[in-house]
Amino acid sequence: MAIVKCKPTSAGRRHVVKIVNPELHKGKPYAPLLDTKSKTGGRNNFGRITTRHIGGGHKQHYRLIDFKRNKLDIPAVVERLEYDPNRSANIALVLYKDGERRYILAPKGLSAGDTIQSGANAPIKVGNALPMRNIPVGSTVHNVELKPGKGGQIARSAGAYVQIIAREGNYVTLRLRSGEMRKVLAECTATIGEVGNSEHMLRVLGKAGANRWRGIRPTVRGTAMNPVDHPHGGGEGRNFGKHPVTPWGVQTKGKKTRHNKRTDKFIVRRRGK
């Protein structure tokens with residue numbers, strides 16, 4: 001994998017930094033594992049904007065990813081690594097011994113030709129998925145389940161990982177990248193290693209149009225709007241003279257947004273700011 005800085009042949013290329021991975025498949029994706037993905041423009045069924053700054057962008061197909069890793073005790077060979085427009089991580093197409101193909105998140109260090117396996121008796125090896133009761137304390141894992149059988153929900157983006165720091169009774173304690181420490185049932189499945197493509201954070205798009213290709217529209221500051229459009233709008237100069245709020249008047253910048261008291265007991269330590 002290489003980090004390439006483009007030559008300044010135009011204003012739009014001047015600051016571009018690309019991530020080039022020669023291992024990625026250059027052809028089309030595996031058609032049986034594709035699904036349609038329709039654009040909403042951030043609108044709901046009434047046509048009202050429910051998510052701002054979304055619209056346009058290139059057409060995409062959704063890749064059906066196996067987050068559950070529930071094909072147990074059947075070895076699979078990695079056929080190829082692929083780009084996925086729906087996520088920052090790359091994906092791997094694997095062929096199981098019984099002939100079935102699936103997409104999985106591509107961990108760091110996994111290459112075409114490698115063998116992976118899921119199940120309680122799988123060896124501790126990058127790309128293998130096991131219940132966390134069978135994974136040694138101190139191991140680095142990704143694609144971690146919060147509920148047994150539901151599929152991985154934690155540490156799925158490029159370069160993400162979680163460390164198992166303790167095992168006590170039916171629970172393991174995880175340290176997340178944010179600094180949060182939380183308990184998860186030891187029966188939950190996790191995949192060994194960290195998610196690949198960690199250089200994703202180093203890329204520079206270089207121009208506004210590159211964000212538009214991705215379906216991301218401009219974000220306008222409230223203080224640049226009129227009073228009718230935003231609580232920060234209007235006035236002389238740039239100072240809006242009040243506590244910062246959202247366009248709907250809800251306090252922001254530091255306001256707590258978590259409301260799930262039911263799972264508070266599983267959080268051993270809050271994330272660091």
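Including glycine, each Cβ sits where the backbone N, Cα and C put it.
Among residues of the same chain six or more beyond the region 'Disordered' (30-50), those with a C-beta under 8 A of the stretch's C-beta atoms are 56-57, 59-64, 86, 93, 101-103, 215. What Swiss-Prot records for 30-50 (among others) is region 'Disordered'.
Per Swiss-Prot, region 'Disordered' is recorded for 221-273 (among others). Within the region 'Disordered' (221-273), the DSSP-based counts of helix, strand and coil residues read 9 helix, 5 strand, 39 coil.
Per Swiss-Prot, compositional bias 'Basic residues' is recorded for 253-273.
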